[in-house]
Amino acid sequence: MNNKKILPIIVLAIYFVIGLWKLNDLPGEWYGDISNVHEYVLEILNGLWPWYFFQSTGPIYHYLVTPVILLLGSNYWQYKFSSVLVGGMGVVMTYLAVKELADRKTALWAMFLAAVSFWTIVWARTGNSQIIILFLTANVIFWAEKYAKTRKPAHLAVGALSASLGLFEYPQTFVLPLLWLWWLVSRKQIKGGLWGTLLLILPSLLFAKVILSNLDNFTTGYVGDKVPSISQLLTQQTRQRFIENIKKTALMMHYKGEGIFRVNVPGDPHIDRISGIFFLLGILYLLKTNRPLLVRATAAMFLLALPSMSPAIPPGEIPNSGRTMGIVPLVYFLTATGISESFNYLKRYSKKTAGVAAGIVLTGIILLNLYKYFVLYPPGLPDQNRAYAKIMAEYVNTLPGHTSVYLSSCCWGNWGQPEPKALFYRLNEQDGRENLINAGVFARSCDDIKPQRPAIILNSPQDLEAIENWRNCFPRGEVKTHEAGGKQVFVSVFLGQDKIPESKQPQ
């Protein structure tokens, strides 16, 4: 096997090593978006064949990961493994797209960046669906560029199909058909653009049907709330906010990134310092040598980022790494161009110096991104990545499978953990415990506890009133405080004659 084949395989292997390392533990929290993915996949597995948007998420990702869940099961690690696999598809597609735009060396650097960068890794390991945007965008660019070079009808047809997938995933991917057409027209493929428009008619009609079937979501609901009305667009305040949003988004890679803890070290730039320098060098290089490509790439980035900059989005949600995920392949392309051409320049004077410099840059990028993800990122997660629902579920799973489980409250940790669904979906035995996810059904009085034994009541350590109430109701109940990392996580009250297992502590 020659280097042309083995090097991409090595880079992909690096990605999977990073993506799978301690996957079940970091991040450890099963949060609401994963419950949404799980419930959508369950509908597919139950033969309901859903084809709708839940909040802002469409069906494509869910159908893509369903075979993995069917094969491996539907627990937390499996959903995270599925998103890592989809991220791997994005890494490979980034390589193929950049190879069409530039050359193999630049494509390898872009693939390397996609494989090790925090921006990719953090989304790939969440178990959520935004990671598919990396694949979808790179796929559209690949087929658009492929058709521009070959003019084969098959490439045009696959490109139209790839672009139309964006209509059924996220609001930020609704622009993929426009991106595809723009790329064709900017490559002077006017005839291809006209045929492409015709090919997009049927997917657009299907998309319109989806919107009409859930119109409230797209007008006044989760999606509609993020789109300004016509009257709002005409105000000076809206225009000023839009300009401010453009500024924030333009600076997110070098100055101040997303402030949300789940997918960033709050406020940290979205790319590392070394990559940031080469990103700018890549722009300067293309400005001098290939302005049409630079214009095409930067215009595409603006189009892809446009939904994320809507004036109707709350200012605290801008910039947003998930809503701008579409620009990631092009960010890696420009950065890889800066790296590749810098070393080509050094080679003119000394191949050895260029090789050493490449090794330093490669090592530096890896270390910066790994340090950010595995060292800086975890302390910012809820309760320093103490996943309350996971700890509680692991304890309940050590009890007899017929043990009745009750919650006296929820969400006492940071950022609303533990969520009832996060506990329920991590239980090995779920049948008969649906009371945990019935809205507002918490055990607060003696009468709420049914006579079946054994039973376990899970409480907030701060809810001293509830704990004392259970002591009075069930004098023989065994009360135990469970800790993780020196912090109280929950208090259990066990009712029954069974021996209580020791609580599992995080490693």
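Each residue's number is its place along the chain shown, starting with 1.
Cβ atoms are placed via backbone N, Cα and C, with glycine included.
Caution: TrEMBL annotation is automatic and unverified by curators.
According to TrEMBL, the features are:
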type	residues	note
DOMAIN	58-192	domain 'Glycosyltransferase RgtA/B/C/D-like'
TRANSMEM	7-23	transmembrane segment
TRANSMEM	60-77	transmembrane segment
TRANSMEM	84-101	transmembrane segment
TRANSMEM	107-124	transmembrane segment
TRANSMEM	131-148	transmembrane segment
TRANSMEM	168-185	transmembrane segment
TRANSMEM	192-212	transmembrane segment
TRANSMEM	270-287	transmembrane segment
TRANSMEM	294-313	transmembrane segment
TRANSMEM	325-346	transmembrane segment
TRANSMEM	353-374	transmembrane segment
Secondary structure composition of the domain 'Glycosyltransferase RgtA/B/C/D-like' (58-192) [DSSP: H/G/I, E/B, coil]: 111 helix, 0 strand, 24 coil
Leading stretch by Cβ pairs under 8 Å, where the reference is the transmembrane segment (325-346) and the options are 7-23, 107-124, 192-212, 353-374: 107-124
Outside the transmembrane segment (60-77), six or more residues from its ends: residues with CB under 8 Å to it: 23-24, 30, 34, 37-38, 40-42, 44-45, 50, 83, 85-86, 127, 129, 132, 136, 165, 168-169, 390, 425-426
Long-range environment of the transmembrane segment (84-101) - Cβ separation under 8 angstroms, sequence gap at least 6: 8, 11-12, 15-16, 19-20, 23, 61, 64-65, 68, 107-108, 110-111, 114-115, 120-121, 123-125, 131-132, 134-135, 138-139, 141-142, 145-146, 149, 293, 297, 328-329, 332-333, 336
Long-range environment of the transmembrane segment (353-374) - Cβ separation under 8 angstroms, sequence gap at least 6: 18, 26, 112-113, 116-118, 121-122, 265, 268, 272-275, 278, 339, 342-344, 346-347
Spatial neighbours of the transmembrane segment (270-287) far in sequence, C-beta under 8 Å, 6+ residues away: 113, 117-119, 252-254, 257-258, 264, 293-294, 297-298, 319, 321, 324, 331, 333-339, 341-342, 361, 364-365, 368-369, 372
